[in-house]
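Asks: Have a look at this one.
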Amino acid sequence: MARNKFDVDEELEEGFNASHLKRIFVYIKPYQKPIYITLFVILLANIAQMAGPYLTKIVIDQTIPNQDYTELFWIAVIFILSVVVTGLCMRYRIFSITVIGQDILKDMRTAIFSHLQKLPFSYFDSRPHGKILIRVVNYINMLSDLLSNGLINLISDILSVIVTLGFMFAIDPTLTLYSLALVPVLFLIVMIIKTAQRKAYQVLSNKTSNMNAYIHESIAGIKVTQSFAREEKNFEIFSDVSDAYRESWMKAVKIQFLLWPGVQNIAVMTTCLIYYVGIRGLGVDVSTGTLIAFVGYVGNFWNPVINIGNFYNALITATTYLERIFETLDVEPDIKDLPQAKIMQPIKGNVDFNQVYFRYEKGKDILKGTDFHVEAGESIALVGPTGAGKTTVINLLSRFYDVNDGEILIDGENIRDVTLHSLRSQMGVMLQDTFIFSGTIIENIRYGKLDATEEEVIQAAKIVRAHDFIKDLKDGYHTEVKERGSTLSAGQRQLISFARTLLANPRILILDEATSSIDTKTEVLLQEGLEKLLEGRTSFIIAHRISTIKNSSRIFYIDNGQVQEAGNHDELMAQKGYYYQLYQAQFDLLQAL
Ligand SMILES: Nc1ncnc2c1ncn2[C@@H]1O[C@H](COP(=O)(O)OP(=O)(O)OP(=O)(O)O)[C@@H](O)[C@H]1O
């Protein structure tokens, strides 16, 4: 997957096609019943509305010349009734359309959100998160009008056109044909601007996405920005991104608004044509009542036609958002259960990496035939230079990525052959960038084991020595923390996520720089608690501090995509190889301080 940046337009893998429209119906289908009821109400409103011009015609051509006051009274009553029915129906229609539209949008939003939860790390690596966010929030909202008013209005407008035409044909078929004379001109206008409009909206959606990505990145990196006093430069970048958005917006709107005056003019021209035909009598002999009724009907006819034109316009615009939404929904999670995947049995903890090759990007192998065997219950420390591939090893073990070649076995079972859930639910992974969610501390610790009791939470916190600082907080375990834990120190955040990892009672524990921000005194206490807990469990620990890993059963020195040295601390020290040099370097540094 090609990487994308905030100022690079995303290329569409597959453009819009008719099947996208069909797919919208998947979301509409569950709401068939309320839609049919609404349509029936709309039909009722149309018929009631259409009665107006027809009653006017009767009054002018028949009731007034005959001076029939009883008929006039009843026509007035029917007229008032038709207005009341129309009003009530319209009210129902607005309410019901809004509810149906919002329900459909909610379903789409939920579908895209739950799909995103299943996508692998590689999907999130490949684009700015702001560009993902915009699909779930903004693009779905952009469909709001189309799905709430647009779709039902379309059907209602089509019904309205049919009912109006029915009334018109019933009164005078020839005059009706004159009224339709300019419809082809409308189609022509719509067709001409269609392609330009679609392209303009595709550009607009890209520029919106770029701007969103930059805002998202800027907020996430605000502390770095301010500490480097880079606000001005960022402002310049934002101005450029924002200008590009503004330009694309102006262009798209200019094209879109070409349609409206065109349609308005055609409607006026049709009314003129009706008067002209009526006065000149071009092949038709129309009474004054018919002429007045027709002018009313022409209004009733062109309003929905204009709406249909606008719907088409909105549809073209919406397609640019739909193609992005469906593109996201169509991303196949490449890390997923095989059809014949088995349930991973309770893990004992034997781990094998057999000639594992892996790369994040083509042509740049990170692991080049990594090969090792770990016995159940061993604690393994991974050391090596920055960027050597230590995190990559544990990412592969948790199957966040799949190996390109070779295999990884746990208790002799290839991890590709078991279900992700049964595998990951038995592993406790604490990643380098600890993440704290907004909510209370207890909710954060319980994140991976929702049914854990308060006692279990406290027990886990005690083992990692987090209990002492948590109990001193204002509301103890029920203290609210902000997203990313900005009200906590880095060490406190690590202790909370440590407790979260332990609470899940994993069979294999993976700690990536889990104690890097914790003071050495707390770390020593934490190690004591951990040692008991780790008895009989396999663990992988990545740490740069030698004191953290010294007591591991074995230490793997990883470099150049392979395990270069393996053994316990004493063995490796005696070997006087890479690990020895690393130890000496840290020792010398400490001496120098
Ligand atoms: N998501 C990614 N996409 C592309 N390349 C990546 C990705 N993650 C890591 N890399 C690259 O893979 C290599 C190994 O990274 P890894 O994080 O495994 O190193 P590490 O040994 O854990 O380093 P450190 O000690 O700094 O944490 C690095 O060169 C890094 O640039």
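Note that the numbers count up from 1, one per residue, in the order the chain is shown.
Glycine is treated like the rest: Cβ placed from N, Cα and C.
Below are the features listed in TrEMBL for this protein:
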TRANSMEM  35-52  transmembrane segment
DOMAIN    37-317  domain 'ABC transmembrane type-1'
TRANSMEM  72-90  transmembrane segment
TRANSMEM  151-171  transmembrane segment
TRANSMEM  177-196  transmembrane segment
TRANSMEM  257-278  transmembrane segment
DOMAIN    351-585  domain 'ABC transporter'
Asks: Sort out for me which stretch, of 151-171, 177-196, 257-278, has the most Cβ pairs below 8 angstroms to the transmembrane segment (35-52).
Replies: 151-171
Asks: What residues in the same chain, six or more past the boundaries of the transmembrane segment (177-196), come closer than 8 Å to it by Cβ-Cβ distance?
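Replies: Long-range Cβ neighbours of the transmembrane segment (177-196): 168, 255-256, 258-259, 262-263, 266, 269-270, 273-274, 277, 282, 284, 294, 297-298, 301, 305, 309, 312-313, 316.
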Asks: Can you tell me the mean pLDDT for the domain 'ABC transporter' (351-585)?
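Replies: Mean pLDDT, the domain 'ABC transporter' (351-585): 89.
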